[in-house]
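If you look up Swiss-Prot, you'll see 505-792 marked as domain 'NB-ARC'. Taken from Swiss-Prot, the feature ATP binding site applies to GLY538, MET539, PRO540, GLY541, LEU542, GLY543, LYS544, THR545. Residues or ranges marked as repeat 'LRR 2' by Swiss-Prot: 920-944. Annotation comment: Swiss-Prot describes 963-991 as repeat 'LRR 3'. Swiss-Prot lists 1066-1089 with the feature repeat 'LRR 4'. Marked as repeat 'LRR 5' by Swiss-Prot: 1094-1113. Per Swiss-Prot, repeat 'LRR 6' is recorded for 1114-1142. Feature annotation from Swiss-Prot assigns domain 'HMA' to 1211-1278; the stated evidence is sequence analysis.
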Amino acid sequence: MYFNNELSNLKDHLLVTLQNNSDVERDRINFILWDLKFLDCFLHLKRLPFASECGMLEFSQKMIEIWKIQSHREPYDCPYWKEVIWKTKQEFRAEYSFPNTSLAANKVDDVSPKFVMEVIDVFVENLNVVVKINDPYSWLFVPEHKEQIEQVLKELKLLRFFVCFVSNKCIEPQYRHTTFYIHALIEASHIAMVVWLHLPVLNGIVNQYLAPSEVSRLRSDFMEMKIKSIQPDISRNNIYIDVLQALKSTIPQAQNKHAVESGIVETPTQNLTVGLSDQMVNLQEMLCFLRDNLIHLPILDLEFHLQDMDSVIVDAGLLIYSLYDIKGEKEDTVLDNMNRALGFDLPRNIEPIKAMVYLVMQKAFQSNLPRVHGLGYVDFLLKNLKDFQGRYSDSLAFLKNQLQVIQTKFESMQPFLKVVVEEPHNKLKTLNEDYATQIIRKAYEVEYVVDACINKEVPQWCIERWLLDIIEEITCIKAKIQEKNTVEDTMKSVIASSQLARTPRMNEEIVGFEDVIETLRKKLLNGTKGQDVISMHGMPGLGKTTLANRLYSDRSVVSQFDICAQCCVSQVYSYKDLLLALLRDAIGEGSVRTELHANELADMLRKTLLPRRYLILVDDVWENSVWDDLSGCFPDVNNRSRIILTTRHHEVAKYASVHSDPLHLRMFDEVESWKLLEKKVFGEESCSPLLRDIGQRIAKMCGQLPLSIVLVAGILSEMEKEVEYWEQVANNLGTHIHNDSRAVVDQSYHVLPCHLKSCFLYFGAFLEDRVIDISRLIRLWISESFVKSCEGRSLEDIAEGYLENLIGRNLVMVTQRDDSDGKVKACRLHDVLLDFCKERAAEENFLLWINRDQITKPSSCVYSHNQHAHLAFTDMKNLVEWSASCSRVGSVLFKNYDPYFAGRPLSSHAFSISRILLNFKFLKVLDLEHQVVIDSIPTELFYLRYISAHIEQNSIPSSISNLWNLETLILNRTSAATGKTLLLPSTVWDMVKLRHLHIPKFSPENKKALLKKSARLDDLETLFNPYFTRVEDAELMLRKTPNLRKLICEVQCLEYPHQYHVLNFPIRLEMLKLHQSNIFNPISFCISAPNLKYLELSGFYLDSQYLSETADHLKHLEVLKLYYVEFGDHREWKVSNGMFPQLKILKLKCVSLLKWIVADDAFPNLEQLVLRGCRHLMEIPSCFMDILSLQYIEVENCNESVVKSAMNIQETQVEDNQNTNFKLILIEIHLFYLFDMKGIESISTDMKEKKLTVTRDVDADEVQLVVEKLRNVAYADEVQLVVEKLRKRGML
């Protein structure tokens, strides 16, 4: 908007003229708009005498006449008009001078602060345009003076802040400060006039029109643009002092103008150019801290302290501006004179400023902390405080006493925090959790203050004061706890820590919908001969996925189909990932070629399904386009193939339907609702009659929605079975949950113990519909300090208890359990729960997702995001943009990848990810998924506790030991580095906090240096994929890791002078996987691991003597897997009585075993026997008939005699032993078809039934797929024979 109507009309006419001329570039138009905007402002000042006296109005009118001529002249000649404008402004420059009129002569009663700010805003806007121009051909390009103009722009903004501050704080009539406002107008106008007069710059002809002296004066104009004095006879500082003293006399009431305060603080600090004492230097430092932190203070805190801040700002301004007019005296004299003249005592007046600076810094930090915490954070802090004081003793010397007191205080609170974790649900629990939260927040503050001290980011006086306050606050918290005797009262009711997971495991058996299940089952098994889509739709939480999975796993259904495959789509999906998921189910994991393009995978899926009857489950479809993508892969050959599809949307269900109408899944009826609630709360038991009425009322309140019912059941199952408590739940639920499933989730979250809230919200960091690996989840929980230590139990065991508790509350769904011990291996969250976790985590400053299409920019909300505990990114560009704004973030979780970066080293790009990560100075967890390759490990981030990433290098820098907090190091290798041995520096053994080290095929870099080192990794629990070529190397590494629980390693012909040297593994070792790279070489050591439960040997040459001697050292072994093993002693294995007393699972795959002799009591506790590819084995020993614990035998690709013996065992187990739970699975892959054929026509597979059928004449690509499949599921010798026959036929 223009102030002057004539100029506005001229602007419109010029634009029309120029836009009709195709030769006029946009840059020229921008310059015209820029120039006219300045002229408009200059004319707006015509009522002020100074505008006429300095020539501003006259110059403006002449320039307008030139533009009028331009607007009527054709054709438009850019170079000519640029020269005309330049010459005209050159003439103006010769006549223009700084306004020297008196301020009194310029007083105009209606000059308001609003008017002043409007003018300054226009000038700022126009100068912003100039500093952003980098094109040397632009008319607005400033080649040599951009830095000076940026300083000018800063001064203008500060002046505007000052005007705004005075205007907002002044309760007197504004005319009292007219002198100040006129002064601001004159200075701003002069700045704008100087810049306007020097643009545009003529490229290459500057010197033609400017003499060297003029160029020098031009530069001088810019260099002197910092505001010095308004005129020779009047001091600008006197004007400022007068207005500040007027403000000081009466401070106005608080207003929501915190941005003004943060801006005005910068004004005095910019002008401290005179010599100052040390105290004044401190004042400048304090005002800088006040400026930097003030804008981050929440409005409520700001309003509460606004009057004090106003007073501090005014006093600081008075102190500084009073010094400007005093020159030529010594500093001490200056200060004395100033104190006497103005009644100031500088040291005494600095104290309130210091107090306000500290208060603002403290409040700004505290108010933006995450509101959900892990109780293990105090454990982490206590360890770090000791390390900090050792590593940074010089920096922290003056804090030694305070830190020791704080350490003692936190240690004294550890028993209380343990009580909070272990106590049951009772009336004191909420109060205790509040105290625990206060303690954790103090721990966050200590960490920040100590780091700020080390890095000299906060002044020493502030740090000392902050720590003293922390000590006082912790003392106060402890006193409150002791006063209420909460520890003693609660300890009486503390249950054993083993009862953390006391809630019965979630019963995954479906309840209700019996009529719906029967209807759908009939549609799947009967109906049309053609392909049919059975689609279900309905609102979230109805149980669509649960019902679909029930049908998909129903034996009476599955047995009628050759192939079964499923995929979960979700709102954001990858077409290729869906195809891969379906192919893995259809043909097996080992046969899927992930490197193929999506179109090739789609064609492979179609050919796989073409001749077979298939059952496909496509879950959670959001759009019709998903069905368009997938439907072409599902051929219809009139063999009653079926597809189950679930969606929230009726339109999608209808779009995908073929013959059957879409099924709208109904709500539960009242009977089903109560039946489900009762089942989830009481398991196989019945509800007490006293609770039945209130229980049925609660079930009815859940709105007949299954998800709501199971969530409420999770709440009830954790409470005392008393009517009083159930009434409380009913009252809290209210009536609104009928239409709001989030209300039920919110209630479930509300009653969670504080140590589980952070664990639950952390699920929000995972992508929708993703299966979550439990080992990885637990490692992350521990690294995030969610898990509170407990003497006598490992953190992993405690975390498993947390998980089982969440499962028992029906907040987490189990997707896979371990066959041997029943522990959860994988889980997922319902979409409704996942959405809740993401939303609530953002509200609590706990977790923030930065998505590819993120609207909010980092600059708009820096501090709130800076304080989030965790950030999840889905795009590398987001990571770059946000890194500078998130220095205090504790975790960076990268959940997707830009294809440009996937699988490639970032060092070759314009920026490196390691350099970007250095901005996250408090980073504790770095979890990079999907093959994001880091160019180097960020060894400067010493807070890091968890790293998971991909690397391409074949070595790790020795500086890795700088990460002295690191507990988990997971480095995957890119395809380019696969197979190469990675060299691990000896400094890794100095990283004594390491708990998990996972690196494919690594070896110590300097074994001699490692041998000399006395350091050990006593905390290391899992070690994956070291590579050994000598027994001595293995022994050395095992000595360095005495507390290992899991070990996976690769060996190559370990040489040792004695054939059966005993290799002593750590006493706590529970899982061992040994793989030999050179297949069928003898194993040169005997395994001794007294507590080993899981042993897997692959690629070795073994005999009965070796296995017998090894078994003597493995009396607690529960799982034994022998893969690709060559048996000596004429391919015979003798198992004597008592060799494997605790063995539960025995798997033999592709072993050259011919004769198997087993004593009657060799496997007294065996539950599962799996034989795959044992084509030389004659039979399964008959003693397996009498093993009463046996539940399962699987035979795949073995001789008929083995199959027959398995069937005999089944008959005896079921009929004679009455073992009704016994199962026999026979899997057959017909390799012999390939040996007798002269050609091949077609290939089909059924991995569900484990059948392979091959006929004649197909192309070589399909044959190659079959061969790859055989290599994964069949015996190696026969596959090689098949390959040779195919080569001879010219097919490979």
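Note that Cβ sites are derived from N, Cα and C of the backbone, with glycine treated the same way.
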Apart from its near flanks, which chain residues at least 6 from the ends of the repeat 'LRR 5' (1094-1113) lie with a Cβ under 8 angstroms of it?
820, 1060, 1062, 1070-1083, 1086-1088, 1119-1129, 1132-1136, 1139-1140
Quickly jot the same-chain residues contacting the repeat 'LRR 6' (1114-1142) by Cβ under 8 Å, restricted to those at least six beyond its ends, or write none.
820-821, 1079-1080, 1087, 1089-1105, 1107-1108, 1148-1166, 1176, 1276
Local Cβ density at PRO540 (ATP binding site) - other Cβ atoms counted within 10 Å
15
Tertiary contacts of the repeat 'LRR 3' (963-991) (same chain, 6+ residues out, Cβ under 8 Å)
384, 387, 391, 779, 782-783, 903-905, 924, 931, 933, 937, 939, 941-957, 997-1006, 1009-1010, 1013, 1015-1017, 1019, 1027, 1040
Would you list the DSSP helix, strand and coil counts for the residues of the repeat 'LRR 2' (920-944)?
0 helix, 6 strand, 19 coil
Can you tell me how the residues of the repeat 'LRR 4' (1066-1089) break down into helix, strand and coil by DSSP?
0 helix, 12 strand, 12 coil
On a simple 10 Å Cβ count over all chains shown, which one of the binding-site residues GLY538, GLY541, GLY543 is most densely packed?
GLY543
DSSP three-state call for LEU542 (ATP binding site): helix, strand or coil?
coil
Secondary structure split (DSSP) over the repeat 'LRR 5' (1094-1113) reads 9 helix, 8 strand, 3 coil
Same-chain, non-site residues whose Cβ lies within 8 A of the GLY538, MET539, PRO540, GLY541, LEU542, GLY543, LYS544, THR545 Cβ center for ATP are ARG648, LEU665, LEU705, PRO706, LEU707
Across the whole of the domain 'HMA' (1211-1278), what does the mean pLDDT come to? Round it, please.
56
Cβ-Cβ distance under 8 Å, sequence separation of 6 or more, same chain as THR545 (ATP binding site); the residues meeting this, in order, are ASP619, ASP620, THR646, HIS830
Who sits close to LYS544 (ATP binding site): which same-chain residues at least 6 apart have their Cβ under 8 Å from its Cβ?
MET536, HIS537, GLY538, ASP619, THR646, THR647, LEU665
Which one of the binding-site residues (MET539, LEU542) has its C-beta surrounded by the most other C-beta atoms within 10 angstroms?
LEU542
How do the residues of the repeat 'LRR 6' (1114-1142) split into helix, strand and coil according to DSSP?
0 helix, 11 strand, 18 coil
